[in-house]
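Feature list (source: TrEMBL):
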{"type": "DOMAIN", "residues": "11-139", "note": "domain 'Gfo/Idh/MocA-like oxidoreductase N-terminal'"}
{"type": "DOMAIN", "residues": "152-267", "note": "domain 'GFO/IDH/MocA-like oxidoreductase'"}
Amino acid sequence: MAAFESQPFVLRWGVISTGWIASVFVKDLLVDPKTRNVQDVVHEVIAVGSRSVESANKFIQEHAPGNPNIRAYGTYNEVYADPNVTAIYIGTPHTMHYENARDALLAGKHVLCEKATTSNAVELRDLLKLAKQKNLFFMEAMWTRFQPIAAEVKRIAEEGSLGLPVVLHADLSGDFDIENIPKTHRILDPKLGGGALLDLGPYPMIWAVLALYEHPTNKKARPTSITGSILKTPLTGVDRSTVFTLNFTEHLEAQAILSCSINLPAPIPGVTIRYRNGNILIQPPIYRPLSFTVQYFDKPGSGTVVREETKKFSHAGGGWFYEADEVARCIRDGRLESETWGHDKSLLLMDVFDEVRKQGGYELPEGVEKLKG
Ligand SMILES: NC(=O)c1ccc[n+]([C@@H]2O[C@H](COP(=O)([O-])OP(=O)(O)OC[C@H]3O[C@@H](n4cnc5c(N)ncnc54)[C@H](OP(=O)(O)O)[C@@H]3O)[C@@H](O)[C@H]2O)c1
């Protein structure tokens with residue numbers, strides 16, 4: 001290999017917002033990729049944008065100490081306009097994503113956008129169209145799908161000995177102490193897309209997508225039916241607990257039973273994928289699981305476990321750097337979307353969330369959705 005080919009590709013990031021997720025993402029960007037055996041890409045944080053320059057400066061001091069060259073901006077637009085920035089990371093609340101991602105794309109930047117990607121599927125379709133027109137990369141920050149454990153679950157799920165999937169149960173719940181936090185907290189505020197579905201729902205969905213939608217027998221057929229039931233909190237009217245189901249019947253005969261709540265701890269296991277010949281049990285937290293167990297039955301349908309294997313994982317950081325590595329490789333290779341978490345999957349999630357909100361009667365306040373179907 002020629003010397004220049006062995007140089008890692010450097011992705012230069014601009015970070016939008018200074019909240020919790022932006023802080024952990026930036027910390028992960030600054031972890032040396034060699035600690036996870038990655039040699040081909042590295043990350044540089046070039047700029048941080050906030051609605052206040054003081055907050056941007058404080059964020060850099062706290063979360064990227066020893067990096068005096070990172071620029072602090074008091075507007076997001078200055079980050080989009082910075083010629084040294086190649087990719088924008090968007091960590092604002094869900095209902096800001098459409099506007100932020102649109103501004104970034106219009107300024108010619110590639111985008112990694114937090115989940116839920118937008119307030120609704122119409123907004124996402126518009127963003128994806130714009131990204132294609134501008135020849136820019138766009139990806140939902142579905143970090144769980146890029147963790148090595150997800151690849152291993154997929155390998156076992158598809159290698160054949162468990163047979164075809166029949167039912168998947170997945171729940172992500174978290175206790176946000178909703179009686180005691182301000183009603184303006186993003187998890188309670190309908191103007192910020194509050195509630196369980198848009199915040200926690202993407203995680204049960206990623207496992208349904210991995211085990212059912214991505215299963216080779218399913219041939220990427222979308223669910224043939226979706227049901228949703230929402231229980232709202234009287235505090236602000238956002239969904240406190242949501243249950244939704246997906247049927248995959250075009251090529252599989254499989255069902256996903258998914259749920260999320262903002263006033264409960266996560267159940268154990270967090271995901272159970274049930275096959276005729278055994279189960280895969282994934283331990284919480286299902287956004288970053290560190291172990292899963294595969295159970296094999298003595299004969300199909302018996303439920304008698306004759307062999308059980310637990311696989312454990314660990315990493316030197318938060319685990320967000322795997323999605324960042326994917327973004328870097330895609331941009332380096334001139335790809336407009338990830339093969340692992342492509343636009344089809346983000347659209348599937350938003351279409352499901354729209355349908356569940358419709359069936360559950362959860363409408364966002366007037367003006368929150370910038371585009372509506
Ligand atoms: N992938 C994951 O593991 C993960 C985990 C948690 C959250 N998330 C996602 O990340 C997003 C942000 O969540 P978070 O927990 O980081 O929220 P957060 O701590 O409240 O931070 C959100 C930031 O967005 C900016 N912002 C812009 N307009 C805002 C407004 N009207 N109200 C409040 N903040 C506003 C603020 O930064 P400035 O003041 O600097 O502008 C704020 O600090 C959500 O979409 C969430 O779903 C992802």
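Just so you know, glycine gets a Cβ as well, placed from its N, Cα and C.
Residue counts for the domain 'Gfo/Idh/MocA-like oxidoreductase N-terminal' (11-139) under DSSP (helix as H, G, I; strand as E, B; rest coil) come to 57 helix, 28 strand, 44 coil.
For the domain 'GFO/IDH/MocA-like oxidoreductase' (152-267), the model's average pLDDT works out to 98. Shown for the domain 'GFO/IDH/MocA-like oxidoreductase' (152-267): DSSP residue counts in helix, strand and coil, namely 30 helix, 38 strand, 48 coil.
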